[in-house]
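For reference, the structure is listed below as structure tokens.
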Amino acid sequence: MAACGRVRRMFRLSAALHLLLLFAAGAEKLPGQGVHSQGQGPGANFVSFVGQAGGGGPAGQQLPQLPQSSQLQQQQQQQQQQQQPQPPQPPFPAGGPPARRGGAGAGGGWKLAEEESCREDVTRVCPKHTWSNNLAVLECLQDVREPENEISSDCNHLLWNYKLNLTTDPKFESVAREVCKSTITEIKECADEPVGKGYMVSCLVDHRGNITEYQCHQYITKMTAIIFSDYRLICGFMDDCKNDINILKCGSIRLGEKDAHSQGEVVSCLEKGLVKEAEEREPKIQVSELCKKAILRVAELSSDDFHLDRHLYFACRDDRERFCENTQAGEGRVYKCLFNHKFEESMSEKCREALTTRQKLIAQDYKVSYSLAKSCKSDLKKYRCNVENLPRSREARLSYLLMCLESAVHRGRQVSSECQGEMLDYRRMLMEDFSLSPEIILSCRGEIEHHCSGLHRKGRTLHCLMKVVRGEKGNLGMNCQQALQTLIQETDPGADYRIDRALNEACESVIQTACKHIRSGDPMILSCLMEHLYTEKMVEDCEHRLLELQYFISRDWKLDPVLYRKCQGDASRLCHTHGWNETSEFMPQGAVFSCLYRHAYRTEEQGRRLSRECRAEVQRILHQRAMDVKLDPALQDKCLIDLGKWCSEKTETGQELECLQDHLDDLVVECRDIVGNLTELESEDIQIEALLMRACEPIIQNFCHDVADNQIDSGDLMECLIQNKHQKDMNEKCAIGVTHFQLVQMKDFRFSYKFKMACKEDVLKLCPNIKKKVDVVICLSTTVRNDTLQEAKEHRVSLKCRRQLRVEELEMTEDIRLEPDLYEACKSDIKNFCSAVQYGNAQIIECLKENKKQLSTRCHQKVFKLQETEMMDPELDYTLMRVCKQMIKRFCPEADSKTMLQCLKQNKNSELMDPKCKQMITKRQITQNTDYRLNPMLRKACKADIPKFCHGILTKAKDDSELEGQVISCLKLRYADQRLSSDCEDQIRIIIQESALDYRLDPQLQLHCSDEISSLCAEEAAAQEQTGQVEECLKVNLLKIKTELCKKEVLNMLKESKADIFVDPVLHTACALDIKHHCAAITPGRGRQMSCLMEALEDKRVRLQPECKKRLNDRIEMWSYAAKVAPADGFSDLAMQVMTSPSKNYILSVISGSICILFLIGLMCGRITKRVTRELKDR
């Protein structure tokens, strides 16, 4: 190829090639050309000249349609005189063209179709109207590829000689100067080239994209096809790649062993060797640098017309007709069309392979794509994406330029729409076929073979690898994971979901239904899809593809274009971030976003907050990440071991995070901190829990819409949900989610945002080193109670903390699981006695109270303590407050929380009282009467009386054991004796009155007389409304009672009723009218009204009501009997019994005799003590 001369600079074709290209500008569209030709020109005007230059064309023909200069005419005359038509020669040495000889036949120029070696092939293959046109015949023959139309070896050799001669005549440059005259003038670089060396034509080819002159551009493009049919005709290519062809075994370099015009296979082989080298970490065979440049330059020069890539042209000719029939050739349009159909089922494998090779070359050098290089030329220059500035290897050139331009777009710079369109196409191309990314091939080869074999189309391999990274199919190496992350950044599918074909196809139906209000290609489409994750509108395949992509987007905040646009200023200011296409080895995955969300929830006092727009985006991302722990890089990284250890069976949506929260105390420190911080964040903005919000949407809309609409949550929404957890509209999923969050809050007081903000200073001061919320609540509550009881001038707990503390206390009463100590103590009892009872609404606690006598000792003690607390502060009695909610509003709207139960008891017998509430009040009264400690008012009023009169009972009682009403019974007896203090007497009177109406309020009576009540008073006990009939029944049947303890209790009742008529409801009802008439002026209490009635009964002038008179007589008879059989309670009772006894004389005689005998013994036996002298006594 020495005839081509020296190449002046790298990547240029020979001057002879460019002479031919420019010369061809004078030719018109050749007859017989296919429907996809480049265009039309002056046609046969140059046919004679081509024949002449080619070594056989006729002489003496002019070029009528070119502007004829005197120089051009002189050149033509010289050629006519010196040259005669000559037949084609056999292959000649590299030193120069074949010898010319005359003999052209009369009357016409030399015709390729008339040559003996090609005549048969031309007649068989080419249409008849092309035979007179050498260029048409040449194009026809070199485009033949079908086996049945194989061209003979002699004809191939003739064609090659013909083309070679066309490329080696130095006189073509002068013709090119005429054809491209105006173009050369416009392109200064080409006008300055020296004349006669072929450099000017080489320059024109370099600037082919800038040629606007139609004639010049069309013919350069047209005639290039001749050269690209054989690598040996491309000047310099043979010299640069000779050794590589041999090493790679790309075919013979000696003519004759292959079809001369089909040597494009050699270029294809070299291209494959080049891309294969990039895909191997330690390639066995390396393409030389000179040949690499030559290969890429040839690919670049063939980038506008697929006819110029001979291998691809022949491999894809049928596919072009099938898929791109209406696509006009030129400017790379056919390439792009074929790329778009690359994964069609009907695409031939050989064409798909050729297209893939072409795409891999584009990945190595963006200029191999004509459309991309042309559309983005000005933008690349504008944003300094120059190749010379590349910090990375040549293999990354396309990806680097894409990222450079994407960075400009993300910074809000203007990039032309044409360039952005091209970028979109090539980003989609990289996502569709993993093999176009050498880094993926290098880093993920093993993973692809092991996990993703057979998934090579439409981006399925990349999504398969993404699935592996998510941990669904195994483990992925760090190098592969990093390569995937880099590819995702290069393709930037977050900016336009259509880039990810697998995602696009899987989610098309969801987008059409759920996201149809968002324009196609908008970045918010992905966000919309995330919002509909795990909803009825989401399909399974879309769900998987979406989460696989989001896994990588979540690890680089820059890959969410909306977040980046709204937060890049804040990130730069607060988190010291780099540019979009810059990375830092010192900044771990997710670090920027972690920084952003830490600042997002800062208060104004803490300073350095995010802008409102950025905060909204951070919240959006947090809401989306809550869907899946794998979307939180830090969480998955730090908690990988714990997830496997504790949560391997938790596979449903959202269960993994809940599992980690449930095992918070068991997690390793780093994981515990991450989960704790996330939970603390959720407490401030529960909307981060997107799944919970979705489940609770009806409740939020009906009851919490006011707080839900607030941009700043601050824990209000969760508080509202807790308050409305038992509404009829509440669904099971929402209730479970809210309860779970409450349970998690118990683990650390920081997890209750409002509580933390209100009480953090108090906790530091009063409860240091306490972490669990329940312990903090107990600590603060105890402090508040002590200050209240001691009537401290100033509370140690601040007012705002006391208010929030009350909210927390009330919330904890709703579910036994919210009181961990009680729950742990009673777990076995719950299983034994309350297994059929559901949690929530304090139902388990109520069940334990009802089975209190059967509980284990530890649980019984805890329940008793709980009841003691509830009685001191009835507002903490969840069941009472729930059942009596409306009655409290009706009867006790102004009542203090401490006196709430007292108020309800006072209104218990009102006609307006709700039966269910009345029943609940009675239950609490029964509880109170079992132990004086459960009645705070009695305890306070009788503080001095209890130790004085009931000391023996207190001494025998064990700590934390119930007294079963013994102390209250003791006080009742003292009440009858009128020995109690006035405050205590008032409280005991109320208890006696209440228990007289309902026997269940007297625990001692119920304990000792249960059998008698069942046998003697079953009908009265079964009555729904207790009005004292059971007590009356027992009094009437006193003589039938055999059990001494029961008889004693009934006698005590009689004794109590004698002390005051109010404690005998039956008598009081019967004598109510008489009391009004005869005893109205008598002050109640201390038996005064009873004495009044007795006097009225004895006074014959007073006529009492018959029922009252009958009841009074019955009572006198009962009291008389009681006086006889009742045991003496003290010395006075004993003396009275002796004096009223029928055997009092006998008793007194025995007592007197005993005294006399004792006296006589003293007289007879003398003194007992030893006698001593007076001196000793006086000393």
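Yeah, the Cβs are placed from backbone N, Cα and C, and that goes for glycine too.
Small disclaimer: the values here were computed from a predicted structure and weren't measured.
Taken from Swiss-Prot, the feature signal peptide applies to 1-29, supported by sequence analysis. What Swiss-Prot records for 30-1145 is topological domain 'Extracellular', and it gives sequence analysis as the kind of evidence. Taken from Swiss-Prot, the feature region 'Disordered' applies to 32-112. As annotated by Swiss-Prot, compositional bias 'Low complexity' applies to 60-84. Summarising the annotation, Swiss-Prot assigns compositional bias 'Pro residues' to 85-96. Taken from Swiss-Prot, the feature repeat 'Cys-rich GLG1 1' applies to 116-149. The repeat 'Cys-rich GLG1 2' annotation in Swiss-Prot covers 150-212. Per Swiss-Prot, N-linked glycosylation site is recorded for ASN165, ASN210, ASN581, ASN677, ASN786. Swiss-Prot lists 215-278 with the feature repeat 'Cys-rich GLG1 3'. If you look up Swiss-Prot, you'll see 286-346 marked as repeat 'Cys-rich GLG1 4'. Annotation source Swiss-Prot lists repeat 'Cys-rich GLG1 5' at 347-413. Feature annotation from Swiss-Prot assigns repeat 'Cys-rich GLG1 7' to 475-537. Per Swiss-Prot, repeat 'Cys-rich GLG1 8' is recorded for 538-604. Taken from Swiss-Prot, the feature repeat 'Cys-rich GLG1 10' applies to 670-728. Under the heading repeat 'Cys-rich GLG1 12', Swiss-Prot lists 796-856. Marked as repeat 'Cys-rich GLG1 14' by Swiss-Prot: 912-979. The phosphoserine annotation in Swiss-Prot covers SER961. Per Swiss-Prot, the feature repeat 'Cys-rich GLG1 15' maps to 980-1035. The repeat 'Cys-rich GLG1 16' annotation in Swiss-Prot covers 1041-1101. The transmembrane segment feature in Swiss-Prot is assigned to 1146-1166; the stated evidence is sequence analysis.
Mapped onto this structure are the features recorded in Swiss-Prot.
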residue: ASN210; record: N-linked glycosylation site; CB count, 10 Å: 14
residue: ASN677; record: N-linked glycosylation site; CB count, 10 Å: 16
residue: ASN786; record: N-linked glycosylation site; CB count, 10 Å: 12
residue: SER961; record: phosphoserine; CB count, 10 Å: 12
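In this structure, the CA atom of ASN786 (N-linked glycosylation site) is 91 Å away from the CA atom of ASN210 (N-linked glycosylation site). Among 286-346, 475-537, 538-604, 980-1035, 1041-1101, 286-346 has the largest number of CB pairs under 8 A with the repeat 'Cys-rich GLG1 1' (116-149). Stretch with the most C-beta contacts under 8 angstroms to the repeat 'Cys-rich GLG1 5' (347-413), considering only 475-537, 538-604, 1041-1101: 538-604. Cα spacing between ASN210 (N-linked glycosylation site) and the residue listed as 'phosphoserine': 101 Å, rounded to the nearest whole number. When each of 475-537, 538-604, 980-1035 is scored by its Cβ pairs under 8 Å to the repeat 'Cys-rich GLG1 16' (1041-1101), the top-ranked stretch turns out to be 980-1035. Note: the Cα of ASN677 (N-linked glycosylation site) and the Cα of SER961 (phosphoserine) are spaced 43 Å from each other.
In the three-state DSSP classification, ASN210 (N-linked glycosylation site) falls within a helix.
In this structure, SER961 (phosphoserine) belongs to neither helix nor strand by DSSP; it is coil. Model confidence over the repeat 'Cys-rich GLG1 12' (796-856) stands at 92, taken as the mean pLDDT rounded to a whole number.
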